[in-house]
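What follows is a short report on a single structure.
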Amino acid sequence: MIKIDFDKMGGLIPAVIQDYQSGEVLMVAFMDQKTLDLTLKDGKTWFFSRTRNKYWMKGEESGNTQEVMEVLTDCDADTVVIKVKQNGPAACHTGNRSCFYVKWEDGQWVEHSNPLFDPNEVYKKG
């Protein structure tokens, strides 16, 4: 039986989130055993924020949730790919469809931002 290896990175594994239809990589985040278990049980993506040191469900603030369609692990069982149906226009907190909108071009990083929502409106605090 395959067991996910959370030991290599201090209890965390990278999770590559991919659109289940197009194959586009939407985001990469980290999971621990608890968030992987929640994701597999709920069918929604859950992550561990290293910055905020807390658990969070994708879309809990924005409403842009992700419905899990398929979960795969790599040959070392230390990374997962989660294929999702993206509910709402964007996966990235910047309002972009994908977090990967900055491209290396002509020796520099070039932003190809096309926000689908205004993060200042969606993530109002207070």
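Using N, Cα and C of the backbone, Cβ positions are placed for all residues, glycine too.
What Swiss-Prot says about this one:
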- ASP74, ASP76, ASP78: Mg(2+) binding site (BINDING)
- CYS75, CYS92, CYS99: Zn(2+) binding site (BINDING)
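Of the listed binding-site residues ASP74, ASP76, ASP78, the Cβ environment within 10 Å is emptiest of other Cβ atoms at ASP76.
Looking at CYS75, CYS92, CYS99, the binding-site residues in this record, the fewest other C-beta atoms within 10 angstroms of the C-beta turn up around CYS75.
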